[in-house]
Amino acid sequence: MSLENKNIIITAGGTGGHIYPALAIAELLRQNKANVTWVGTPNSMEASIVPEYFNIQFIKSSGVRRKGIIKKITFPLKLAYNTLKSRSLLKKLKANLVIGFGGYVSGPICLAAAQINIPVIIHEQNAKIGLTNRILAKFATTICLAFEIENLHKQFSSKQLAKTKIVGNPVRKDIVALNDKARIYTDSSTLKILVLGGSQGAKAINEIIPKLIQKSNEQGINIKVWHQTGKLSLEETKDAYKDISQNHIKDIAAFIDDMAIAYNWADLVICRAGALTVSECAIAGLPAIFIPLPSAVDDHQFFNAQNIVNNNAGFCLRQQQMTLENLLAIIKPLNQDRSKLEQMSKMAKKTLIKNSSEQILDCVKKILNNK
């Protein structure tokens, strides 16, 4: 089915975990000749990222979780107002379908679409369903999940379960291409570790890695690190490396522009367990040590990591467990026997769905074909 002249609305915002999977789908829809418009919130991450690629419209929207009593009282009124404005926007755009990728902005747009009989697809990136998507699941035409979710039958009605599909997380094509490339773990004397602090950085991870390199060197483990610190921690982290030989450092940077190159370079990654990072590591076949963000809502990062850990493709340490001793207890055996890394890589590639974007596109075509 052709999507030519179909007006499809993408709504996602707040964090990269919502925005980047949505961008992957938006690009695929455009390649299929759909007219794509993004709806986000002003003064947010999507406002600085999306305009380079797509037309974006803005509505004001905010969450209620962990807010004061006044904001909780006024939230229903604001939601009703934003939903009404969203209805006007969708009519103006002549929307044929809305795809919500989470973030508070998805709420009013998807609710408005359901009210005026526009089909809605929602996509949940995490292994715990977020508050917005839990509400929207009642109104969605199709519910797409990235992971198998524990006790889903207790959260969804039989009607909701019937319209639920596990599709994985959309990731960039250059990362998907790594899935077909065999990782060769030789008996090289150097163990290449990619450290990802996330876009905002991860202070605890940034602080311990320089100490890990020093301790590893003392024990005869030769680590070379490519360390993405996040903008706020760059100078502080660089300072922590000042006494470490450059032979152990590939790069220390606030951001990595080309993640496919970084994933391809590494033998092992140490990172948080955001949905997109977990999906990219698995699809790229990169063994990981996940350190879930302790403050993540509903502990969703821990559950994201379990999809990989339970398939023997990675490890998970709570932040309070992230000691030099525990990290070395994982790294030392992997360094001594590289075949373990190779086996983990093979298992990682089998863990998650790599054609997620195409599966979501198929959902779009089926819905529009039946309208």
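Cβ coordinates are placed from backbone N, Cα and C, and glycine is handled just like the others.
Feature annotations, courtesy of Swiss-Prot:
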| type | residues | note |
| --- | --- | --- |
| BINDING | THR15, GLY16, GLY17, ASN126, ARG172, SER199, ILE256, ALA275, LEU276, THR277, VAL278, SER279, GLU280, GLN301 | UDP-N-acetyl-alpha-D-glucosamine binding site |
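Applying an 8 A CB threshold to same-chain residues 6+ apart, the list for GLY17 (UDP-N-acetyl-alpha-D-glucosamine binding site) reads GLN125, ASN126, GLY274, ALA275, LEU276. The number of other Cβ atoms within 10 Å of the Cβ belonging to ARG172 (UDP-N-acetyl-alpha-D-glucosamine binding site), over all protein chains shown, comes to 19.
THR15 (UDP-N-acetyl-alpha-D-glucosamine binding site) carries neither a helix nor a strand DSSP state and counts as coil. Sparsest Cβ environment among the binding-site residues THR15, ILE256, LEU276, VAL278 (other Cβ atoms counted within 10 Å): ILE256.
DSSP assigns ILE256 (UDP-N-acetyl-alpha-D-glucosamine binding site) to coil in the three-state reduction, placing it in neither a helix nor a strand. Counting Cβ atoms from all protein chains shown, GLU280 (UDP-N-acetyl-alpha-D-glucosamine binding site) has 27 others lying within 10 Å of its own Cβ.
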